[in-house]
2 protein chains.
Amino acid sequence: MQFIVVLRILGVLLMVFSLTFLPPWLVGWMMGDADLVPFETSFFIAFVLGGLLWLPLRTYRRELKLRDGLLIVVSFWVTLGLVGALPIFLQPTLNLSFTQSVFESVSGITTTGSTVLVGLDNLPRSLLFYRQQLQWLGGLGIIVLVVAFMPLLGVGGMQLYKTEISGPMKDNRLSGRISETAKALWIVYAGLTFLCAILYKLEGMSWFDAVGHAFSTISTGGFSTHDDSLGFFHSFSMELTAEIFMVLGATPMALHYLAMRHGSIRAYGKSSEFKFFLMLLGMLFLFIALAILLARPDSEWLWGMRWGLFTLVSMMTTTGFTLTDHTPWPAFLPVLVLATALIGGCAGSTAGGLKTVRMLLLTRQGVNELRKLVHPHAEFVVKLSGRAISPTVISAVWAFFAAYVFVFVVVFFAMMVTGLDAVSAMGAAIATLTSVGPGLGSVTGNFASASSATLWVGTVSMILGRLEIFTVLVLFLPMFWQR
Amino acid sequence: MQFIVVLRILGVLLMVFSLTFLPPWLVGWMMGDADLVPFETSFFIAFVLGGLLWLPLRTYRRELKLRDGLLIVVSFWVTLGLVGALPIFLQPTLNLSFTQSVFESVSGITTTGSTVLVGLDNLPRSLLFYRQQLQWLGGLGIIVLVVAFMPLLGVGGMQLYKTEISGPMKDNRLSGRISETAKALWIVYAGLTFLCAILYKLEGMSWFDAVGHAFSTISTGGFSTHDDSLGFFHSFSMELTAEIFMVLGATPMALHYLAMRHGSIRAYGKSSEFKFFLMLLGMLFLFIALAILLARPDSEWLWGMRWGLFTLVSMMTTTGFTLTDHTPWPAFLPVLVLATALIGGCAGSTAGGLKTVRMLLLTRQGVNELRKLVHPHAEFVVKLSGRAISPTVISAVWAFFAAYVFVFVVVFFAMMVTGLDAVSAMGAAIATLTSVGPGLGSVTGNFASASSATLWVGTVSMILGRLEIFTVLVLFLPMFWQR
Ligand SMILES: [K+]
Ligand SMILES: [K+]
């Protein structure tokens, strides 16, 4: 293990990350925030801390191994979660505990969007902008991680994607490959954000809200600058825009890249995963629409369709925007819609959950296992986008699924042990592990009343979910630390 | 498909099954039941129905294929569930609906033990004996199915057990193999029941209760002749006896057979699955004991230990006996204990749930997948009882796990759609799919207040769970019906 290199890289990360405290500072300064000291102090602390790590080690260079990569990834997210909590913790008006601040920060950087804050509408602009930006950075980070890095590691069957976006990358060294891919993804991601912000602005948001919500839409983060989330605007066109860009955010970024490069949407049509994702969305919407029509054949059905579509897209893409709604839908509907977050969006996107490609693979392989009962000696091969999938990948995906279920059950019970009732614990487990954000019961809207223990369980769950579980679990293997 | 042979066999089954209506009749006659007509009518209907199927087809014989076997298995359980409902439906004093009667009958034959009845203590003796006997027969049936038949079919990785009890069986034809194995298992099963009944009697039960509870202990069925279940007796020694025989019921019957044949308990010690089962029980008990000690450091901790051990063993073996208890334990404790039913007992026993051997295999393979992240090019092999497990089996077990989770989620939501709240729906899904019996919320004690829709979902879930899901799902594959 190259601990010294890991530390040097963390130092650089901290110094770069400290620069992200400046845009919120600028926004606050322009919009007249009373107190910008929290961001100044945070910048100073993070930059100096980073410098202190980097300076003595700056000449120490080694090519990294994959195993170092795993350690770096987990350290990145933990460090950013902790240091990102500084500007929140230091807000004099909020008086948040250390635990709450870290929860909020990790919720941002993991694009979860659960919050301990209430009264968002009256918070300092700098802080609101900072939360939105945190999600946007978290989204960018996860894409780079999942597209450039995870395929090399083979985490949860992600070696599937090894060749997907391999066009522009001749460089096989880890660092080279990551920086090339990151550049391509950055352009796509920034372009989509820009488009989304312009549309929100045209539909009537202020520039502040437009940019902020574009940040949390594309990143499928779900933070808002209003307690009422996107429901604050009461605008059907904004909801449609959000729906489209949430879906785009939950689509493999590689597909956007290919479409842009070839000036054609053929890439989307050739992706089994993307088509399966749209099909699932469509089927689930039909089911929900039917349930709404049967339950509310009165004048509320039209609102029901609008609410159903938005909430389904928001949850299944693991964004977590909500519309204010007090209609007494059948009790299973909100639970079902939230549970679609467990399926989640496509791999290689900002979305969380199990990921559509894994669902697709498991479904096909599951049917094959049934077929084997009928024809025990036949060979059945699973194909995705016309390519046969190797047993190694399938095995990794099965294991990932089992690990996901296992961690879900553990988080669920841990949440209950910290004092939540069964329904809230289920909601909290879904909210944090899938990166969707909102839960059920006492954590439906926010985690403001949650105990410290609940918040820590949630924090760990968010990081586990965001880093595809295995990346974190592997660090607990004694073998990982042996030469 | 040999439909005619299937019908002929069903005819024989019905005639044989109609004979099982006679012992309850006899018990009722001896104990002075007012009305024995329901059993007489049921016997007549079932016997004539069976005869009508069998008589015209009795000369039609063909050797069966495995695929016919799958159809026969599902037909068996469905037919017995329906016909077994007759003596319940016909009870004039109960006034149960057709749906309730079928639910009760299927709950018996699948050894689930959920009930729609209240006021058990005052029911006719004939009916009470019939319910207990139904579970005992269901237990015997499932053992024969799982030990003799499933390994040949390879359902959910059960080909693992192909060689386990292959000693006495030279006959490779399906019918021959099944009858040989059934004979061996019958002796073990009847012997254990006899022992258990004697012990219950010595500890103070009436012969009626002793035999009845022995029937539902060994079969891990959980029906009782009292509303208060085993808690009715307030006897610590009976609880210990129940705990021992529930564990024996949840142990692979093949191990008992080997122990009996060799006059040595070495077979138990050599079984990875059995050892893992005991280890899980032990670890879960330690956790529960700790939670009880921390939550109730007052005088109730001793009762807590007694309650915790009994309830854990009862749930994890998927028996479902309960003790009357009103102590305010932490809310997570009853949910956790019930959820251990999802793990379940050992394969090749009467217990339900996922089965310990699958948990063990998934755990080991899961750790191997983690190890592969550290050493991508190394080969890791999973061994059970010293034998390497083939990738085919592992793949089948992964698929089984995923199917189990999938069906659980579908049953959970279906239960909510029928009107249960989330907690009750979770309880009902666990109760029926794992064959444990008791649930949570509104279905904690019984399903008396459940709607017809809820009961039908439960009925389907019980059959799916009992027949290892795949056996039923495969019938929905178009390929199954093609030549
Ligand atoms: K989110
Ligand atoms: K049971």
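Numbering starts at 1 and runs along the chain as displayed.
Cβ coordinates are placed from backbone N, Cα and C, and glycine is handled just like the others.
TrEMBL lists A:Thr111, A:Thr112, A:Gly221, A:Thr318, A:Thr319, A:Val436 with the feature K(+) binding site. Sequence-distant neighbours of A:Thr318 (K(+) binding site) (same chain, 6+ apart, CB under 8 A from its CB) are A:Thr111, A:Thr220, A:Gly222, A:Ala250, A:Ala341, A:Gly344, A:Gly345, A:Ala351, A:Gly352, A:Gly353, A:Thr434, A:Ser435, A:Val436, A:Gly437.
Residues annotated as transmembrane segment in TrEMBL: A:7-27 (among others). Counting residues 6+ beyond its ends, the transmembrane segment (A:7-27) has Cβ neighbours under 8 Å at 36, 39-40, 42-43, 46-47, 49-55, 57-58, 60, 72, 75-76, 79-80, 83-84, 87, 125-127, 129-130, 133, 137, 208 in the same chain.
Per TrEMBL, the feature transmembrane segment maps to A:39-57 (among others).
Per TrEMBL, the feature transmembrane segment maps to A:69-90 (among others).
Marked as transmembrane segment by TrEMBL: A:136-161 (among others).
Beyond its flanks by at least six residues, the transmembrane segment (A:182-200) meets 136, 139-140, 143-144, 147-148, 165, 168, 209-211, 213-215, 217-218, 238, 241, 245, 248-249, 253, 256-257, 260 of its own chain at Cβ-Cβ distances under 8 Å. As annotated by TrEMBL, transmembrane segment applies to A:182-200 (among others).
Among the features that TrEMBL reports, transmembrane segment is placed at A:232-255 (among others).
Residues or ranges marked as transmembrane segment in TrEMBL: A:276-295 (among others). Here the transmembrane segment (A:276-295) has long-range neighbours at 247, 250-251, 301, 304-305, 308-309, 312-313, 316, 329-330, 332-333, 336-337, 340, 343, 345-346, 356-357, 359-360, meaning same-chain residues at least 6 beyond its ends whose C-beta is under 8 angstroms from one of its own.
Residues 111-114, 216-217, 220-222, 224, 228-232, 239, 242-243, 246-247, 249-250, 280-281, 284-285, 288-289, 292, 333-334, 337-338, 340-341, 343-345, 351-353, 431, 434-438, 445 of the same chain lie 6+ residues outside the transmembrane segment (A:307-324) yet bring a C-beta within less than 8 angstroms of a C-beta in it. The transmembrane segment feature in TrEMBL is assigned to A:307-324 (among others).
The transmembrane segment annotation in TrEMBL covers A:331-354 (among others).
Residues or ranges marked as transmembrane segment in TrEMBL: A:393-415 (among others).
The feature transmembrane segment is assigned by TrEMBL to A:422-441 (among others). Residues of the same chain lying 6 or more positions beyond the ends of the transmembrane segment (A:422-441) and with a Cβ under 8 Å from any Cβ of it are 107, 110-115, 220-222, 315, 318-320, 322, 334-335, 338-339, 341-342, 344, 351-353, 404, 407-408, 411-413, 415-416, 447, 450, 454, 457-459, 461-462, 464-466.
Sequence-remote contacts of a segment are chain residues at least 6 beyond its ends whose Cβ falls under 8 Å from one of its Cβ atoms, and for the transmembrane segment (A:453-477) they are 70-71, 73-74, 77-78, 81, 99-100, 102-103, 106-107, 110-112, 114, 116, 138, 142, 145-146, 150, 153, 155-156, 158, 352, 399-400, 403-404, 407, 411, 414-415, 417-420, 428-429, 431-435, 447. The feature transmembrane segment is assigned by TrEMBL to A:453-477 (among others).
In this chain, the transmembrane segment (A:69-90) lies close to the transmembrane segment (A:39-57): three or more C-beta pairs between them fall below 8 angstroms, excluding pairs fewer than 6 positions apart. Listed as Cβ neighbours of the transmembrane segment (A:393-415) (distance under 8 Å, sequence separation of 6 or more from its ends, same chain) are residues 154-157, 159-160, 342, 354, 358, 361-362, 365, 382, 424-426, 428-430, 432-433, 454, 457-458, 461, 464-465, 468-470, 473. Within 10 Å of its Cβ, the residue among the binding-site residues A:Thr111, A:Thr319 with the fewest other Cβ atoms is A:Thr111.
All protein chains shown were included, and the count of other CB atoms within 10 Å of the CB of A:Thr112 (K(+) binding site) stands at 35. Within 8 A of the CB centroid of the K(+) site residues A:Thr111, A:Thr112, A:Gly221, A:Thr318, A:Thr319, A:Val436, the other residues of that chain are A:Thr110, A:Gly113, A:Gln135, A:Ser219, A:Thr220, A:Gly222, A:Thr317, A:Gly320, A:Thr350, A:Ala351, A:Gly352, A:Thr434, A:Ser435, A:Gly437. Counting only residues at least six positions away in the same chain, the Cβ atoms of A:Gly108, A:Thr111, A:Thr112, A:Gly113, A:Gln132, A:Gln135, A:Trp136, A:Gly138, A:Gly139, A:Phe215, A:Thr319, A:Gly320, A:Thr350, A:Gly437 sit under 8 Å from the Cβ of A:Gly221 (K(+) binding site).
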